[in-house]
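Taken verbatim from TrEMBL:
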type: BINDING; residues: G163, E164, S165, G166, A167, G168, K169, T170; note: ATP binding site
type: COMPBIAS; residues: 1100-1115; note: compositional bias 'Low complexity'
type: COMPBIAS; residues: 1117-1129; note: compositional bias 'Acidic residues'
type: DOMAIN; residues: 8-60; note: domain 'Myosin N-terminal SH3-like'
type: DOMAIN; residues: 1500-1776; note: domain 'Dilute'
type: REGION; residues: 630-652; note: region 'Actin-binding'
Amino acid sequence: MAAAELYSKYARVWLPDAAEVWKSAELTKDYTPGDQTLSLQLEDGTKVEHKIDPRTNNLPPLRNPDILVGENDLTALSYLHEPAVLHNLKVRFMDSKLIYTYCGIVLVAINPYERLPIYDAGIINAYSGQNMGDMDPHIFAVAEEAYKQMARDERNQSIIVSGESGAGKTVSAKYAMRYFATVSSSGEANVEERVLASSPIMEALGNAKTTRNDNSSRFGKYIEIGFDTKYCITGANMRTYLLEKSRVVFQAHGERNYHIFYQLCASSHLPEFKAFRLGCADDFHCTNQGQSPVIDGVDDAKEMCNTRRSFSLLGIGESDQMEIYQILSAILHLSNVEVKDQSADRCSIKQDDVHLMVFCDLMGVPCEEMAHWLCHRKLKTTTETFVKPVPKMNAIYGRDALAKHIYARLFSWIVDSINSALKSAVKQHSFIGVLDIYGFETFDINSFEQFCINYANEKLQQQFNLHVFKLEQEEYMKEEIPWTLIDFYDNQPCINLIEAKLGVLDLLDEECKMPKGSDETWAQKLYNTLLKQNAHFEKPRLSNRAFIIHHFADKVEYQCVGFLEKNKDTVNEEQINVLKNSKFDLLLKLFEDDEKAANSSNKLTSSIGRAGSAKKDTKKTVGLQFRQSLHLLMETLNATTPHYVRCIKPNDHKAPFTLDPVRAVQQLRACGILETIRISAAGFPSRWTYQEFFSRYRVLMKQKDLLPDRKQACKNLLEKLIKNQEKYQFGKNKIFFRAGQVAFLEKLRSDKLRTACVCIQKTIRCWLERKKYLRMRESAITIQKHVRGHQARCYAKFLQQTRAAIIIQRNVRMWSKRKLYQQQRSAAITVQCFWRAHMARKQYYKLMYEKKAQVIQKWVRGWLARQHYKRILAAIILLQSCVRRMRAKRELKKLKVEARSVEHFKKLNIGMENKIMQLQHKINEQQKENRELSEKLSVMEKAQTMEIERQSSEIENLRRSEQEARAKAETLPSLLEQLSFLQHELENTRREKEDLEEQTKVYKEQTEQVVDELNTKNNLLKNDVDELNKHIIEQAQQLTEIQTNVENTKQLEQDLTEERSRYQSLLSEHLHLEERHRDLKEQMDLNTTSSKSSLKRTDSNYSSNSSEFSQSLGSTEGEDSSVQTEDETQTAVDLPVLLKLQRRMKELEQEKQSLWQQLDKREEDQQEKAKEVEEQRTSGRAELDLETLKRQELESENKKLKQDLNELRKSLTNENSDLVPPAPGSLPYKVLLEQLNSSTEELEMRKEEVLLLRSHLVRQEALKHKDSALGEGVKLDLSEIPSYQDVHKSTDIHTLNEDGELWLAYEGLKETNRLLECQMHEQERAHNERYMKLVEEMNKLKDEKEQQQKMLAQSLLLPEDARIEATLKLEITRLTRENLELLEQQEKQDKTIRKLKKQLKLYMKKVEDFEVSTEQENRRSVVSPPGRAVNITRKEKEYQGMLEYKQGDESRLLKNLVIDLKPRGVAVSFTPGLPAYIIFMCVRYADIVNDDQRVSTLLNSTISSIKGVIKRRGNDFEVVSFWLANTCRLMHCLKQYSGDEVFMVHNTAKQNEHCLTNFELSEYQQVFGDLAIQIYRQLIKCMEDILQPLIVSSMLEHETIQGVLGSKPTGLRKRSTSFSEEGAVTMEVLLQRLGLFHTTMSQHGMDSDLVKQVVKQQFYIICAVTLNHLLLRKDMCSWGKGLQIRYNVWQLEEWLAERELTDCGAKETLEPLIQAAQLLQIKKKTEADAQAICNMCTALTTAQIVKVLTLYTPVIEFEERVSPSFITTIKNLLKDRAESSTLMMDAKKIFTVTLPFTPSSVALDTIQIPSSLNLGFLTRI
């Protein structure tokens, strides 16, 4: 491809720039070979001329197309060079806020200097199990790749994290470790926590604040995380490299010492730190040199708490911690020891130096010795030893060297302690190493530390280059394409310069051995040895104490000063000896290694004979130690599969999301990214599969080029498009392109699409213009037609107007004459009218006067007559009362005489009968009154309706009058015109003028009256409006109150759901702990059985499970057994784990017991209330029985008397009789009447006696059956009836009747009277209540009527809209009030119904028991007589719905029915829920035989067996679904047949017979409910595991029509399922899986409500997983993908509609996904679009909306990216939204499950046991 084709007009290139490194420009004209300059235009519009070097003829690098910018992988770019890499990183980092980018096998991580929500547990779960190219770049993706390759390839892995200080290496390594700790659950307790706890300790001791980073790691570390055979974390091991010891005693300006010192000073106020005598950090020399003791946003005291917590978690006790802090405090005090000059070569320390005394006190050493050896040193020769004083500076150097040495020893000891704490007893199978090491460093002054760091980076870069080259070679060989050796930079010469023989390190070690070696002599040796031999070594021009090394990243100048001293790392041995004599244990441990090394060297020297020289030879220099550890590290890395993370520091100001191009390019060069790009660009960097290439560039093919073989079609197309075959290669599965070829193909594709668009636009524009022309031509014709018609109409109108004017003149003249005549005539008529009316009124008033006088006379005469009548009536009444009083006295005397006779009692009874009749009569009268009142009420209602109609008619009349008044008001101007006309005429004639003036005066008065009336009406209307407004305000307040009540109810419902979810989560945790406890028990049993070989091992699954559930139910036996087993096996288990589990179990048990106690209390209260109600009702039962007996007797006697009376009357009045009946008034008639009266009296007496005797008999029967079941309910008050002994004691009663029967009859009569009186009082009270209710209802109706009248009158004055609103509000209030009243009535009725049902149930049971007992007695008493043989026919056997089994058959039953049962056969062949029915029928048998042990054993064994099946086969959806359905059915059976009225409503009579009789199993209902919740959660987990691999592929990756939505070129990291192949997961596969789930649950007979909840959970999982992957995949955020998602969601909704599940709430769970898809498709430019997005995306959080907009990526050239300003607008609009800040949806969330009661219509007696279940030992009863 020629340069002229690429460097054409409008092509974009990169120009070098001093400030921005590279600047974009566009060619303004085509380039032709031979041109010396390029005509360019910058982005700001300035035009420049770029000169081309004629020697090299190198053109500026081309810019990639915009569609390739922002790619996840830099190798996906067509042009691979430095500006393309920098621009891509800049776009991703600053515009898209993405900090991670792939560069082949390297992950580039840019420090954002801001907390991002991309590291929580949800994102870890999203990346877990995913291929590296499927998701957006992330540190978790690298960690997952390493974890997956370790498990797949059985090879150790390593993650190499590098970068300069402040780039984020430590954080990246920490997140990688957190990922491993999260995804790999360990078998050992708290291993992950201990591994993660090492980070805070190492940060406190090894990190410090520098000018570039607030938390800079000042050492390198390599952490090996060990895994077992199941790839669970077993432990970890840490290796450290090159701790910066000099920081302990020196810090530059703006820097700090290690964090631990500042944490100690911040916590010095604590009591445990008082002995260290610390203070502020500014008080110590080693912490105040940087003058920056505080880090913004960091609390050192809080960090100290975290450090101490981490120490404790790693098993380092409190005493060891205090010893560590004691040594650190001693170092602080040592730095403050003041050394004073005595002379030029002598110094001293004061004896009373406080800090020295504190240091010696903390270290446990003598103060004098330490002060002496700080100022002196010992010199040894071959013959003697000298003690020599040292100058002040040497003493200070020695003091600092001692502090550094102590800190380094302490650091190493802590690392060893951490390693021992992280070491596991489990054998390590493999490991993943995380290397957190310093990157390439270059400063103004570079010393020994920078030299070692850059040396390590040279080694790592060499290993990196070899690995990249190896991967490229493997890729080419795998695809079987020819390849040539790629030339890459090999830094082996530089490494040889440093580490080879006579290299820099070798010469440095040799100079350290010289007695008088110095930095100057070493520098001269370097110049003499290396300057001419190695091209990578240089000497600075202006210095003799420095040297330059050409590293792979840059040239670095090192200052030789301090190299020898730092390499020797010498410490005064006498100072060390003083410390070794300390009594401080930890201090002695720090120097144990020195003692071991000294002892070994002494042994060696004793054999050779040269002690001093051997000791010097055995001591290793720092450079040698570092070189050896580096070689060991490289061996470890070469034995593993490396994964690279390169951290980039974007700027030096720590500004968030700001990229400095100069600093970024420096680091890209230093970390090897550009070298990776160069290696990739040298070969074939762009790689496409044939399917990807065909889908992308299908538009460049013609129809005839399309072949069935996609591979051949792609080859033919490439041969046509790219003539040079060296620019591409065909592999087995991919096409390989040279750099720039994909950009060329993209240009061809965009040109093709552009020409197609131009053609389409041309055609559409032509069609639009032609359509516009035709429309204009038609409009012109139409306008001409209408204009001509308008002109013709105007002329015709002129002619009509001329003719009309003549006619008007004629008519006006006629009208004026007629008007004059009519006025005269009306005046005459008016005068006559007024005169005649005056005369008529006069006559009318006269007649009215006469009529009213007559009326007054009539009323006066009537009043006088009534007064006279009242006086006469009062006198008569007075006379009657006197006469009656006299007669009464006489009658009293007679009664007193006849008091002792029997006749008196008879008459008394007659009086009582009369009284009863009167009472009945009163009752009838009251009933009549009630009927009359109800009739009156109906009449009043009718009157009210009539009144309302009348008022409505009046309102209509008022409206009409108002309209007439308005019409009159409208006629005012016309009348004024007439008035002016009349005035004009009055000028001509005076006589007419006077008449008209009178008329105008009258008319003015009338109009004024009308105006006044209108004003008054207006005022009234205003008042009405004010009242209406007040009423509206009151109604609004009521509505707000109702709304608050509704909100409160919603809040209560929300609290209920939260409480339910909290309970279910606690329940799942409790059950999980139970399973763990059971597993530990089994392990303990195994350990005990293995230790005791004499004992035989038995299967303890059932016993452990049953004991477990017996514990949950409060049984003490299970607790004792569990305690015994724990005591027996306590020694074989890890005690901390067991204690934690026991403590947690006890807490859960206490919570559960407290809940059960609360439930028991509530149930006991309910039972006590029910008992009280039953007692009251049973006490009233006797009274009801007596009343019924009396009523029956009275009715029968009354019937007999009526019959006799009728017969007698018939006989008297019988016309057909021979004898003539006696005439009334005759003597025989009177005799018959007397006989009749006497007979009726005698009958009444007999009736009363019979009634009394019946009541007496009832009482005697009650006394006999007092102890029986029936007698318990009949409780009569017999205390008032005296015994026969008491009767005999009374002389008066004895004289009255010796037998006492009369007394009993009298008492019975009194009791009946009392009962009747009570009944009358109750009826009267009921009547009064009914009357009061009617009165209240009438008052309410009146109030409503008045309110309606007011509202009607007010609403008529309002406009139509306000009137409708007012009526609606009124109707709403009325309906709410009626609804509330109806609800109250319904509640009352429900309560009464429940009470009556309970009474009826109790009475029915007692009656049935009584009948059974009587029948048994009758059968016993009856003896069958002997007779002949009779044929007996066998009836069909009736079953009782229970199964008989023998005691001990429970395990056999559950083994066949639960453990060995296959759900598939049962679900297809038998009744749904058959195992639950069988178990319940067995429970019924245990209940019938009244064996509580059987019931508890059967139910506990059932629970444990179901749990065992779920535990063993919990991954089988069919098994879990089957047992969830059966567990719920068993729970429903326990409720349905419990005998509770709430659950018996839907039962048939036969089902009610099958209720449990002896046991109340509500506790087991709760236990089975908890078990169902556990199984439900397992079902959701199993379903989630099945759906997880299908969701992303079907919802996001699969395309219904290939190539329609477009695809973009990808890099080395290919997506795993980007295109459909054979066996690919499509949307149909997901729908089939959902249908299979639904069919399985339906076949198992699962409750429909529960099925709906499962479907809702399924759709939530689909939504959460899809949305989470969408938020983590930039390649999925496009317009076409949003269309695909909406289509897939529509398919899910159709699936719901087909199965009638639209009301289950599943559709609402998809709302976040729907809104995300709409967000991808909606317009995203203006503020209106932003407002529309905010209103639309209510189910998405702000972080999710911003993330989708940030990730939005155009797939085709005509789409546009979302601008940062639009995203800022969205953030500003959503900043006030109160919501969670989390980015991911919680895919592990499980909705709270409710288990509503669902009764079964299956009768237990119809269930048959199939023979295939092998349950022949069960017998149907």
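Including glycine, each Cβ sits where the backbone N, Cα and C put it.
Unlike curated entries, TrEMBL annotations are predicted automatically.
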Surrounding CB atoms that lie within 10 Å of the CB of K169 (ATP binding site), all protein chains: 27
Tally of DSSP helical, extended and coil residues in the region 'Actin-binding' (630-652): 9 helix, 8 strand, 6 coil
Per-state residue totals over the domain 'Myosin N-terminal SH3-like' (8-60) - DSSP helix, strand, coil: 0 helix, 24 strand, 29 coil
Cβ-based isolation winner (fewest other Cβ atoms within 10 Å) among the binding-site residues S165, G166, G168, T170: S165
Which same-chain residues, if any, lie at least 6 apart from A167 (ATP binding site) yet have Cβ under 8 Å of it: A109, N111, G439, C647, I648, K649, Q667
Chain-internal residues, separated by at least six, CB under 8 A from E164 (ATP binding site): R212, Y438, G439, F440, E441, C647, K649, Q667, A670
Other CB atoms, at most 10 A from the CB of G163 (ATP binding site): 27
Confidence summary (mean pLDDT) of the domain 'Myosin N-terminal SH3-like' (8-60): 86
Check: same-chain CB within 8 A of ATP site center, minus G163, E164, S165, G166, A167, G168, K169, T170: N111, N213, S216, S217, G439, C647, K649
